[in-house]
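Worksheet: the structure to be examined is printed underneath.
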Amino acid sequence: MTTPAARPEHRTSRRSPVQIAALLYGAVFLLVGVAGFIPGLTTNYDQLMVAGHQSEAMLLGIFQVSWLHNIVHLLYGVAGLALARSASGARNYLLWGGLVYLVLWIYGLLVGPESQANFVPLNTADDWLHLVLGVTMVGLSFLRRDTHDRSATRNTTGPAY
């Protein structure tokens, strides 16, 4: 017979809300990164450039993309999936990733779509999407990091008299 100390500890496979959010964002970024390389999902695919505002390729006909832009989405996706393995990693991914997207939003507004400094490339639709991504990612970074079900520990017997 094994004692409690000798039994292997079973780790729960439950994820915290912040981990689920990071996992979802990572999966979506991976999907978007792949979609940016698929003709049909990306219009003007023959004009997909490595980087720069000259790239006329448009993901879903809306968002200007380049090889660099797509690869960044793929890397963000891989990072999200990897960091979602822990609650602190997921929080950092959402917080710092969101802050990067907010900086990218401001950058896109300042440089403009036709500027030589627009190396990613970014258009107006990208700019506003980056604002939404930045705000939601930062906001989601404050989700609970534990998987503990607090309702299970509530005293359901009522007040003690």
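Every residue, even glycine, has its Cβ placed from backbone N, Cα and C.
According to TrEMBL, the protein carries these features:
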- 20-38: transmembrane segment (TRANSMEM)
- 58-81: transmembrane segment (TRANSMEM)
- 93-112: transmembrane segment (TRANSMEM)
- 128-144: transmembrane segment (TRANSMEM)
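When Cβ-Cβ distances below 8 Å are used as the criterion, the transmembrane segment (58-81) is approached by residues 22-23, 25-37, 41-44, 48-52, 93, 97, 113, 119-123, 125-126, 129 of the same chain, each at least six residues removed from its ends. Tertiary proximity for the transmembrane segment (20-38) is limited to same-chain residues at least six positions away from its ends with a CB under 8 Å from its CB atoms, namely 45, 48, 57, 59-60, 65, 69-84, 89-91, 93-94, 97, 137, 140, 143.
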